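The domain 'ABC transmembrane type-1' feature in TrEMBL is assigned to 334-617, 992-1271. If you look up TrEMBL, you'll see 649-871, 1309-1543 marked as domain 'ABC transporter'. For 928-953, the entry in TrEMBL reads region 'Disordered'. Under the heading transmembrane segment, TrEMBL lists 78-96, 111-128, 135-154, 186-208, 324-342, 373-395, 449-468, 474-492, 988-1012, 1032-1059, 1105-1124, 1215-1237 (among others).
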């Protein structure tokens, strides 16, 4: 034994360390015992010692403590002890049995082997109690260590068993042997005990430890299983199975989701980020006076430092968010980068193994079979390792992305609560919300790809290196082609971008127009103008489609470039290689390995340009966020809270600005305890600014502001949250029923709450959308009263409420006898009425206080205050009784003659303006608003009635079906009919053509690859250049075929999708415009607009892309299967089970993932809407000092969004791992069959394996995209649904053409026992109305709210269809004609003047059939001619959306001009409530009397004096006619209802 062997390892073992003939060049491979006992044992040990640092990190990072002892960890400890004992024993036995006087020499291995093992086991053993103490339930390093140790011990098992059987042979043979086998026997036994124990440890490490006893966060029922999943379950995502199964069985809902992992929640992420941010901010200041502790986590609040620092800190520059982000989240990111590096290396090992397989098949006879099997398994192992590591990598990156997003959203939110007004002015609310919605989101999407910055060049470099080895310098030719294609692609991409921007512009125009059309749909129907607007929308849509078509050609261009790029590259490279020198011959191995490497290069080359654009965009986002986070904040010290001052609120010598010029100067105000101070002055005199100064919202330039006590604030524009009425009033305080009811009654909210569908638990829409102005204001006031503060700042809370309600509120709440009588309060007001009752008045003028004192003092002064009163009374919106009160008050003061004169005038005005009734209900809808701002009421009783009747109506409505139908959120799969509908809309021919062309494309591709291998296998080529050129030519021809079919298939598909998009939109538009009016009443406008914007956009842009990818990938997978089956037909047997696996993974995934995505998008919008709400209401939030509560709410919303987002990220990983394993199985079987099967053609074998290598990626994409298609095809379903909804009666009928052009000639209107209801299931509104109007009569229609006045006109125009009886005009039943025929022959001047954006001309004559002269004449008669003449553009004057740039009176006159242009025999006049001033009203009446002398005129009157001169009057009550006679006749009868109305209006 003692011969001196060469290598040190041999000396170390005392035997050979490596013997190539024994291990490699043999049919029965085996390692030497020395190798087995050193290399194979030390590799796992080394691994563990290197990576043990991660175990320490997990101990440190763990949030839990103290896992109880349990079966698992006790067993682990015992087995580990066993291992320690057995290794110690090995060492002792070696020292006893060998060396010294025994004849066996003692080698270094016998001593060091056990020592190394012992040290490693000891380290592992130490971690068992440590992990238990720090609550670590599983560790990856240990699992991998035991796994490696077990697997690598297997060769030694084989060796030991063989040696044992040889020993038995010797012992069994008859000769008594001299040898002593006791040491070998001992080794045999000890090894197998060791092996058993390691296997047991491996099995034990597959499970996670028990739950920790102490956790930092409460672990709920719904805890995410990942926290207690074992390492094995984590890398395979097996813990997600439950969710996938649940989602597959029935659609997931929010309650099925797991809680968030604590380490991803705001409360964990924020302190870390805040700490680093604050450090960064401090670095930016030169004076390092303060040393701050770490970011403190005081009761869940994270404090962010103000980057503007104290006023004296000289600023060095902006604090950026990047360093804090690196420091907070960089660790995980670096670990991810390490993984990425690892997978990149593994990727490039694959082509190397491929070339080994090919050379193995080439030399099949010479090589032993086990090598082929080994190569196949090696390929599989490489692929599987890559799968698992990539899975973890993406998972880590997503988590980093999510955490960054959380940190940014929260930082932005906290900042938004503190920005100063000058900052707020710089950006709109929308822009600030975009920081959160777009910029923070962009960060999250980038993190996943950020590592490509170094990874892509690395991959390209490696690929080039290996290619150079195969083909030498010819590679450069191929590379050149690739590089040339990049700028070409860039050019096309930038063109596509310009088209996209153009398309977005058209889309916005179209959606804006649709929005207007839908808002004014009722007017369009009354005028029969739909066709004109339909045409306008379609014109814009045609431009949009043209843009889409151009984009389709360009898209086909890019995809054509990418599909032919790999081919062109290989063609150029191989051609160069073959043509440069005679000696260069293609071999199969060269060809296939090169193609494989070129493919690997394709992805990084595509990603790099895209990535650089993304990074540039993200840089912009970073700058925007930085700018915002560094912007100025409000100075928290501008308002002092010094309780030693005599009065609770005071300003001394104040000077304030809104950030630019000085707004208020020389302000001295003091508010005594429990007094009421009024601030008055003209508009813009700075009243509200004073209130803001008290709140500290303004920039204080000089003076002292002091407030002592809790504040409550009622802003001028009520800020209402999207919550229930009750939540809005409680505003975070506890509910005290008695106090609450008192407040509600005092603020006159009882009646409104009764009207609302669910009382005070009714949800209010965003910005208080379903409340009237008065209601919002009162809720805002109730919030302040309920908060029970010490100081009240009331900024004109009575502006939006009616006079009598205002009076009630003043008496019950604000005034000297109200709830707030004991509080100190400042009231900004415009009303004069209440001033006599306040303690002191401050009059503001031009930002200064011009005088102050009590009412009487100021009236005597005859100063600014007296002017204010005079000016105010001339506006004339006070009521009679109130004015009388003021008159008394003023006359008691003594000599102020001119004031008294004004009061007298105002009283007169108030009399003439009294209305019989001030609200007209068009349909039950507007009752949502309740008795809101019903201004200028003569009698309070009225209001009560109308509110009561409205309430009863509303109750009915609730019983008979909710008003707004809830939107169907689609769950589950999509029916096949939808797909069929889509394919039909694309066109059968185009659909088939796409499939055929794709088929041909793949055929060409396979053909060209087979041709290459045939060429490479051909021996003769070497000596025959002609033959070589023939091969090259055919190869080129195949390529040409690919290029053409590839281009055509993409183009045809894209164009097909464009046709389909056009068709779908037209169906949608056609259907929606022909809905009956009731459909518009029950469908919210936003939902319809959403169909026209979001769903149409999906069909325009998203679906075509998805389809293109899916079809491409589908054919690629089929091609792979074909190629593999060509080379090894037996493969088809494996395809079936693999397809099943695949299908199941896909089904489970799609169902779960789709629902998760829906939940995620549903939970995302509340973050943004809550944020925009906060930004708008920031001053209120600060005034009430509830910022922390809002921050918590925001955090909760972000966490809730993560709860939905995290599982969908995991679902992607779960699927990826499963699919890639399916793909890896394909690789394994393809290569195994190739190696074992009888296939001797190395070309085919290599081809099938290289196709298999690409299949994993393809499969993955296929599932992703097909699930995207399922998600997006829903848009088709929704559009189809809207296009097929019930339609109104046809617009034109054949028999209409026989009617005379000028029908109706006389204008006789006859109602016969007519009944009508608004919708199925509601009560009748008109119950059997009969009357007869002769041609040319003027008839007035009067009645209280809800009597059915408007319903009468709506029925005349068939906006609502008859439920019984009939209406005939000139003896023709109107139900027998087309709607447009009817509506275009009647004229209406509607109640609310609706104008559309566009020229004035389009608004008067949308069909452009009238001449200019006719239009000018109409304008002249409607008193608009001089106005229009004064405009630069005349008739082409652009009118803004909703006619915003005309006054209300002018809009009403435009409607009159429309009527004059149409001038038919029957005119319906639905009189404007109070929109028009008396002047305009007189003009309109005059014109109508002269111009429509011969016509029948029906007037729905609100002011009785307009109909006193009519021929007949119809009095309606509860849907029936109570009186029908001439006005004089009715007025002579004091018992008539008409008489009592006239008396109310002071007309008799």
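Along the chain as shown, residues are numbered 1 onward.
Cβ atoms are placed via backbone N, Cα and C, with glycine included.
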Self-check item: Long-range neighbours of the transmembrane segment (1105-1124), counting only residues six or more past its ends (CB under 8 A)
Solution: 555, 559, 563, 994-995, 998-999, 1001-1002, 1005-1006, 1009, 1049-1050, 1053-1054, 1057, 1131, 1135, 1226, 1230, 1247-1248, 1251-1252, 1254-1255, 1258-1259, 1261-1262, 1265-1266, 1268-1269, 1272
Quiz prompt | Tertiary contacts of the transmembrane segment (1032-1059), as residues 6+ beyond its ends and Cβ separation under 8 Å | solution = 545, 548-549, 551-553, 555-557, 559-560, 563-564, 567-568, 571, 574-575, 578, 985-987, 990-991, 993-994, 997-998, 1000-1001, 1004-1005, 1007-1008, 1011-1012, 1015, 1099, 1103-1104, 1107-1108, 1111
Quiz item: Which listed stretch (111-128, 186-208, 373-395, 449-468) has the most C-beta pairs under 8 A with the transmembrane segment (135-154)?
Solution: 186-208
Quiz item: List, by number or range, the same-chain residues at least 6 past the transmembrane segment (78-96) whose CB is under 8 A from its CB atoms?
Solution: 106, 110-111, 113-115, 117-118, 121-122, 124-125, 128, 183, 186, 190, 193-194, 197-198, 200-201, 204
Quiz item: Counting only residues 6+ away from its ends, which parts of the chain sit with a Cβ under 8 Å from the transmembrane segment (988-1012)?
Solution: 563, 567, 574, 586, 591, 595, 1031, 1034-1035, 1038-1039, 1041-1042, 1045-1046, 1048-1049, 1052-1053, 1055-1056, 1059, 1111-1112, 1115-1116, 1118-1119, 1122-1123, 1243-1244, 1247
Quiz item: Between 0 and 100, where does the mean pLDDT of the domain 'ABC transporter' (1309-1543) sit?
Solution: 86
Practice problem: Determine whether the transmembrane segment (373-395) and the transmembrane segment (324-342) share at least three Cβ pairs under 8 Å, counting only pairs 6 or more apart in sequence. | Solution: yes
